[in-house]
Amino acid sequence: MDSSQQLQESQQLQQQYTRVGIDVIGPMKDLIISVMNSLDTTFKIINETYRIVYFDTDETKLTSSNLDSDDEEFESDDDADEEADLQIQASCNLYTFDGKNRQSVDEIKRIVQHLNETQSQQNDNQAVPVIPTFFVVVNIGVGPSFVSEIKSAAGTTQFIEWIVNDQASKEVFKVSTNLLSHHKKQIELTHACTVGDVNYLDQIILSGVSTDQLKEAHKAGHAIVFDSLLTHNSNSLVVTGTMALLGAIVENGDRKGKRLSLSRSNLSRFPMSITQMCTHLVELDLSDNKITELPKDIQLLKSLRILILRGNLLEDIPLEICYLGDLKILELQENPLNNFPLSVVQSGTKNLLLFCKNILERKKSETWNKVKLMFVGQEGVGKTSLCQALKGSKKKKAELQVTGDTVSTEGVKIQNIKNKKVEFHAWDFGGQQVFYPTHQFFLTTHALYLVVFKLTDPNFAERVNYWVRQVKSNSSGAVPAIFLVGTHSDVCTPEQLQEAESILKANFVKYSRVKENTINFVCCATGKGIKELKKRLIHEAEKSHLIKKDIPGNYMVLEARLTNRGANPGRMAVSGSPIGGGSSAQLSSNAINSQKERYIDYDDYMNECKLSHLQPEEIKGATDFLHNLGIILHFDTPTLKNLVVLDPQWLADVMSSLITFSHNWIKRGILNHSELVAVWGGKYDQSLWPLLLKLLEKFEVSYELPNIAKSLIPSLLPEDAEGEISTIKDREWVTLPQAIESGRCQVFGCDYNFDFMPLGFFARLLLRILLISGVEVRTYWRNGVLLDILTPEQVKLQQSKQQQLQQQQQQQNNNESNDSSVNNNNNNNNNNNNNNIINSSSSSSLNLTQTSTSTSPSKLSLNNSQINNSNSTLNSQQLINPSVSPLSSTTPRHQALITFIKKKSFESKDKDSYKLNIEVRSFNTTIEKDHSASLFFQQILFTIDTLLASSYVGLEITRMIPCIHCVQKNPRADPYYFDFSSCISALQDGKPHLFCRNDPSIPVRIDYIAPDLCLKKVPTLADNEIEYEKQIGKGGFGLVHKGRLVKDKSVVAIKSLILGDSEGETEMIEKFQEFQREVFIMSNLNHPNIVKLYGLMHNPPRMVMEFVPCGDLYHRLLDKAHPIKWSVKLRLMLDIALGIEYMQNQNPPIVHRDLRSPNIFLQSLDENAPVCAKVADFGLSQQSVHSVSGLLGNFQWMAPETIGAEEESYTEKADTYSFAMILYTILTGEGPFDEYSYGKIKFINMIREEGLRPTIPEDCPPRLRNVIELCWSGDPKKRPHFSYIVKELSELRNGNTTSTTTNTSSTTNNLNSANVSIASTSSNADDGSQTNNNNNNNNNNNNNNNNNSGSSIALSPSRSFEQQTTTTTTTTTSPSSPSTSFINSSGSYNTESYSVASSSTTNLLNTLNNANQPVNFIGTASVHKKMEVLAGVEAGETVWTKSADSSLCFWSTKKGHLINELKCPHTVATTMMIKVGKYIWEATNSNGIYIWDMGTMTIVQQLTTPHKGDVCLHFVEYGDNNGVWSGGSEGTVCLWDMQTFEKKHSFSLESAITAMSYFGNNTLYIASGSHIVVFKTKTLLMNVNQNWKHSTGSITSILAMKDEVWSGGSDGRIYIWKVKNEFELQKVQSLEAHHEKITSLIHLEDNVLSGSTDKCISLFKISDPKKPFTTQEHHKQGVTSIVKVQSHIVWAITSDTTTPLVLWNIPQKWEKKTANGILPRLKFFR
C-alpha cells in the first residue's frame, strides 16, 4: 500500500471518529498495546465519537523516520493506522508492571511520588486539568506474585490486575473511557463557562457530568466574576448565563423555589438540563432568544408559576404544558406560533392550558365559528359587491354598484368576513357559464348559500332555478341552507319587488331549509338590507349548527398548521406575483417556494395530522371536516388521493387560467399538451402540469384524451352546431321526413328525460362516446355528436387504414426532430412522485369536424378555413364514409345523432325540461339484416346507464321510447312514446310487441323500438329447446337450474330473472338492467377461461350458459379433507389470470368488480385438462372508459379505492387487487383476512389507510409472493398488467412440472407435452397482445376450436392459452412466435434448412452431461449463409440474434435450430440486446436504443440517447429506481422507465461505461474505464475509490453477486472483490483467467463462466476460483458474448461467420449427479 492510499484511508477513518491516545509505559506495554488495539475501542464523549489508540510515545517517535512504503497488492490497514497514530497526543497515561517481578513494587512507588508532585504543582492552575493516570499489573505465568504489594503501593490511583486477556481488556477499556470522558468534560466545562456558551454548557451537562465537576465549574465562574471586578473587564457579563444555569443546578438540592433567568443568552434551543436538574424552579425567563421548540418535558417543572417565552421563534406549543398545574403566567408574545391556533393563544393562559388538556383527554369541547358562505349566481348580478358590503368594505358607491356588463375572469374568489360571533369564509363564484362545471365540486352541505340575482333581470327566475337545483343536487340528499338575494332593489318599484317575492316563494323557497327570511332584497350601493341580511346569516349559522361547539381541539391545531403552510390571501409575500415575473431572481425563487406550499402530498398531510395529535382513526373525520368547510381540498379517489390542496383559491385560479385563456385554438375545445407552456408557463411549475391535468379532469374542466397528448375542453366547444359543424351536420344528417319518405331508412331511438341535470353531463358522455369502437365521429359540439356506425367490413377497413397511418407516422417520427418529446420527457423527470404522466410520444389526435376515434387522423381543427386544406384531404382519405348525404348512395349506412337539450324557459312545466335524445338510422338495409346499429344502440345505452348510475345518483330519470309506427306514418308529427318499464313488462310476459295508443290496432315490435332489450347478437332459445333437470343455485336475481340442450344433449346452466309482484317499477328496472348488463358483457366475451353464454330465453328472462361441473372455488377450498395439489393450484391460478387478462385486453377493458372465489368455477381438477378454471358472474361488471364507480360489498376482496366508493372512480386495476386475494386463497385455502377479527369499520380503515393485507406463508415461492404483493399494492398504478402476471405464473408452473421428472423418458415426454410447454410460452405470446390491443377492437379469440388440434401451431399474440394448447404429446412444442409467418402451409414450422450440428431432434433441456467434465459441448448451429452475429438474447422459447447484415434470427431454445429470419428495419450496428418483460431492448453504436415487442416482432419505440460508440444495457427488475440502465463510451449513464420508456435519471462519469451489474440491496456496479463505481439506486449517490480499479488495462465485464463482485479486464485478468458494506469493496483475489479481453461473466448457481476473445471459456467455482475448467474446443474464433438460455444451457457467440453459435451444457454442481446421469436443474416449491 503506497503512502497516498494510506493517507486516503486515514482521512476516511478520521471522518468517522476522532482518535484519542493513551500513552502506554512500562515493561508490559507491548502486550497491552497489541491486545487493546485489536479491539473496537470507539466510544462517545458528549456528542462526538472517539476511538482510543494505545501506543508508546517514545517508540513511535523512534520508528517514524524508518517507515517504508509497502507496495504489496493485498495489504492490511495496519500501516495506515500506525502512521495516523503518530499525530495523536496522549490524553491519559497507562503504566504497566510485571506482577511477577519484585522490582515493580519500587517502580510503582517512584511513579506515585512523581504523580503526587505533579498534581500539587497543577492544583495552582485550575484551567489546566491534570492528565489522568492508571496502573495495569500483568499477573500471568508461574512463579510468585507481588500484586498485593504493588496494589498497596499504588495508593488511590486506579489499579487493574491483568490475568486473562478477555476480561482484563474489557476492564482496561472501561477505566480508559471513564478517565478520558471525565478529563474531556472537565476541559469543555471550563471552556463553556469561560466563553459563556449556555447552549454548549447544556449539551455537556446532558451528556452526564458529576456534581463535583459542576461545582468546580461554578467555582471557576465565580473566579471569573471576581477577576472582572478587580480588572474592570466585561467578562462577568459574558458568563452571566452559564453562571445562572450552573447555580440553579447546584442549588436545586435545597428544594427551595428558585428563579432562573436566561434572557438574551443566545439560546438556539431549550436547555433540557433545566427539566432534568432544575425541577424546583418557580419562575423561568427564556425571553429574547432563538428557541424554536418547547419540549414535552416542560411538564416536569411541576412548581413553575411563571414561564416567559416572549421574543423567540416558537412555532408550536406542546400539549403537555397543561400538566403545569401551578402555571399562572405564560408569556408567548413575539413568537410565530404558526402551528398553534392563534385564537387559543390570545384567550389567556388558563384557556390555553384547558385547550391542551382537552386534546390529550380526547374531549370534543371546542367551538368552531368559521362558516362557509357561498355566493352563486350569473355574472354581473352583484355577487362581489354584496360580498364587499357584508365585509364592510369602505369602497366608493361607483365601485360597489356592479352593472350588468361586468364579467368576472376568476372562477372562485375566496375572502373572509369577520364578526364577533362568526367568521364567514366567503366563496365568490364566477358567474360565467364556462365556470359552472368547476363549481359543483366546491359546493358542500355544510355551508350557507346566497343565490344572488338581479331584480331588474326579466329572466331572473330561470337563473335562480338553475342554481337552486345545482346546490340541491350537490347536497347529498340533505336540504341546503339557501338565501335568495335580489340586488339593485333601489331601482325597483314596490310592485316589482312584490311580484318577485311571490315568484320566489311559489317556486324556490321549498328547496331551502331556511324557512324564515329566505328572500332578501338589497342594494349594495346604499347598503339597504345589508345589515338585516348579515344578522339573518349569523342567526342561521347558529340555528343550523354550522357553528360547531363540540369539535376536537386537534382539528383546530391541524387547521392552524395547514393554514400556515398554505398560500392563503394576505399571507403570501409574493402571492400576487407571477413566477419569474419579479424584479429579481430572489423574488422569483420566493414565488416558486410559495407556490409549492399550495398543495402537499398525502404522506406529508398524514405527518401533519400526526403532529396535530390526531389518531389514525380520527384523520378521515378531520379531513372531511376541513374539506367541507373549504379549508383544504382532498378527494379520496385513485388519481387524486395523494394530493391535498392547502389553498382552494389556487386551485380555482388553475381552472380559470385554462378556461379563460384567450387563444383561438383552445376556444375551439382542444388543448394540445405541447402548448401548455403558453397557458401555464411562468405560472405553475412544469413538473406539476400532469397532475393539474388530472385535477381539471376531476373537476370536469377538461378530459385527457388517451395516448394522444391532447385534452378536450367541452365548455369551450361551440354550444350549438354552427359554422362548419352545422354545414357537415346539415349535409350528412337529413331531416326526418326526408329520411322516412325516401323509403330506404329504418329509425329507432329513445329519450332520457331529466327533471334537472347539472352542466357537464354531456361533456362526460361525449368523452365516452368518442372512445366507443366501431364508430366514426363526423362532428361534435358542446351538446351533440353525429357519428357513423360501421359495419364489420368497414371496421376491418378502418383498422387497415389505421395501421397504414401508424406506419406513416412512425416513419415521419423517425425522420423528424424529437425536440418536443425530449422536452416532455424532461418535464416528467421532475415529477417522479406523480403517477399521471402526459404521453406526448404519439402524434395522433382527434379531428373535431370529421374524424374517427378509432383511427388516428393528423391535425385537429375547427377553423373553417382549414376544412378544405390538405389536412382535410388527409382526413377524407381516412374516413370510411364520404361526407355526403346518405340518400346519395345505395350502399348500407348507419348513423346516430345524440343531442342534449336543456330547459329553455323557466315557465315550461314539461317534465322533459332536460332531455338526452338518441336517434339511430339505418339506410339501405334493415336491423334484421345488419345488426351493427342495434349493437351500437346497446353499447351507447349501456354507456349512458353506467354514467348515470355511477355519477348522478338521485336524479329523477325517465326513459321514453318513440313509436316507430308513428314515425313511419307521419314523420312530421310528434310520435307516441312508450314507457321503458312497459317494454320490460312485455318481455317479462313473453310478449314480442306493444300497441301504440295513437293506433291501437297496429302491433309494434319491441325488437324494432328497443333493440337493446332484445340483444340480437345473442341467440334466442325456445322453451322446447331446453330440458330442465334440477335447481343448483339461488340468488337475489332468481334461480339457477341445470339443464340440457335438446339438439345435442350438452349440459347447460339456466339463470332465471324472477321479478316479484311486490317489487316497484324502479326496482324492476334496476334488476332487469343488471340482467341486461350481464348479458351484454358476456355476449362480447369469448374465451375458454370465461363462462360462455349460449343464448337467451324469455318469459321469464333467462340466460343459458355453459355448465361448469366441478362447482365454485369457494366451496372446493372448504373441503379440507381433500386438499388441492400444488401443481393443480398453479394451473388454477394461471387459468384465472388468463381469463382476467382477456377481459382487461378488451377495448374498453372490462372491470368485473366482483372477483372472489365464489365467482370462480372449476371445469376440472386435472392439471393437464384443456381448461381447469373459468371466471363467471358479470352482473356487476362495467366497461372502463378510464374509470368506473359505484358502491360494492364484500370488502375483504375489494381494492382499497373501491371500498365505500359510491362516488369514487376506479379502473380495471381493482380486479388486479381482487385477483391477489384469489391467489392468496388458493395458496392457503383460507379466506382473505380470516386471521384477523376486527369490526367492519376498523377493517375498512386498516385496509384503506394502513395497508393491512393477509399474511403470506413463509414457504410461498418468492416469484409467487412477488406477484401477490405487486397485485395488492395500495397504489393502483403500481399493480402489474396481466401479461406480466401470466408470464410469472407460467414460469412458476413450468418449473414445478419439470421438477417431478426422474428419468430421461419421462422428462422428455413432460417437456414435449403441449399442456406443459404452452404454459410457459403463452405468457410471451400474451405479452405481445397488449401493444396491439387497441388496434384490434374485435375479440382476439376467434378460433376457440383449436384446443384439441393434433398439429403444432404458432403462438399468436392475439390468442390465449387454451387456444394455443394442443393435446398431442408426440409433436414438438411450438416456441413463442412473433408472427404467424413462422408457419408453413402444412401448419408446422419451416425448419428443414436449419438444425443444430449435433442433432436435429436434441432437446437441449435434457442433454446428458459427461459426469467427469463440467462443461459439455452440445453442438454448433449451422445456418444457410455466413453471418457475423453481433449480439444475442434469450427470449423465452426463442433466442434472438442480430447480425452485421441487419438480419434478425430466431432460434428454438429447446432445439437450437433456426426458426425464422427477418430483415431489421434499421441498419445500425447492435452492441447489446436484453430482455425486459415482454420487450427486447436493442442498444446500437449510434445514439439510438430500439425496443422490440416480443409478440409482434415490431419496433414499438426508438429512444434517442446521449450515448456514443458501444452502448451497454442492464435491466434492474425490482427495488428502487428499477428499469433499464444504459451506459456509453462518452461516460453517460441513463435510467429508462421500462413501461413508459421515458428517461428518469442520468449522470456522467469521466471514462467510458463498458459494463454494469446489479444483484440487490439497491446497488449498481458500473465499470468505467479501469475503475468500479458503486452507485446506490435508492439515494442516487455514488462512490468512487482509487483502489477499486484494475492495475493494467480497462474493465470489460462485471458481475455482481451476493457477497462478491467479479470484474474482467482487457488484459484477461479477473479481479474478485469482497463486498464489505454498501459503499466499500476490498480486492481479495486476482486470477490470470485468459490471455485476451474478457467479454462475458455469467453467474451459474455456484459457478461463474467467463468468455474471452482468446477463444476460451472458463468455468470457476465461486468457493475455489483458483482451479477453473477451461476449454477452447469448438471455438474457431474469439468469444464475443455468452447468452444464458436456461439455468444450465449457454450459447457462446463467436466472431466466426460459419459457426457463430456454440451451445454448451453446464451442470449446477460439478460433483452432484443423479442416478441416471441427469443433473438437477431447478428448485421447485412443492
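Cβ from N, Cα, C; glycine included.
Annotation source Swiss-Prot lists active site, proton acceptor at Asp1154, citing sequence analysis. There are 20 other CB atoms within 10 A of the CB of Asp1154 (active site, proton acceptor), with all protein chains counted.
Other Cβ atoms within 10 Å of the Cβ of Gly377 (GTP binding site), summed over all protein chains shown, number 25. Look at Swiss-Prot and you will find 377-384, 428-432, 487-490 tagged as GTP binding site.
Remark: Val1040 (ATP binding site) has Gln1031, Ile1032, Gly1033, Lys1034, Ala1053, Ile1054, Lys1055, Ser1056 as non-local neighbours, by Cβ distance under 8 Å and separation of at least 6 in sequence. Sequence annotations record features per position, and here Swiss-Prot assigns ATP binding site to Ile1032, Gly1033, Lys1034, Gly1035, Gly1036, Phe1037, Gly1038, Leu1039, Val1040, Lys1055.
Annotation source Swiss-Prot lists compositional bias 'Low complexity' at 800-881 (among others).
Look at Swiss-Prot and you will find 1332-1348 (among others) tagged as compositional bias 'Low complexity'.
Per Swiss-Prot, compositional bias 'Low complexity' is recorded for 1365-1381 (among others).
The annotation domain 'Roc' is assigned in Swiss-Prot to 364-544. For the domain 'Roc' (364-544), the model gives a mean pLDDT of 77.
The feature domain 'COR' is assigned by Swiss-Prot to 591-787, with sequence analysis given as support.
Counting only same-chain residues 6+ beyond the ends of the repeat 'WD 5' (1633-1670), those with a CB under 8 A from a CB of the stretch are 1413-1415, 1596-1599, 1601, 1604, 1606, 1608-1614, 1616, 1676-1682, 1684, 1687-1688, 1690, 1692, 1694-1695, 1704, 1706, 1708-1710. Annotation comment: Swiss-Prot describes 1633-1670 as repeat 'WD 5'.
A separation of roughly 43 Å, to the nearest angstrom, links the Cα atoms of Asp1154 (active site, proton acceptor) and Gly377 (GTP binding site).
Neighbour counts were taken as the number of other C-beta atoms within 10 angstroms of each residue's C-beta; across the binding-site residues Gly380, Lys383, Ser489, Lys1034, the minimum falls on Lys1034. With respect to their backbone Cα atoms, Lys383 (GTP binding site) and Gly1038 (ATP binding site) stand 56 Å from each other.
Ser489 (GTP binding site) is 63 Å away from Gly1038 (ATP binding site) when you measure Cα to Cα. A simple way to gauge crowding: the CB of Gly1038 (ATP binding site) has 18 other CB atoms within 10 angstroms, across all the protein chains here. According to DSSP, Ser489 (GTP binding site) sits within a helical segment. Across the repeat 'WD 5' (1633-1670), DSSP classifies residues as 0 helix, 20 strand, 18 coil.
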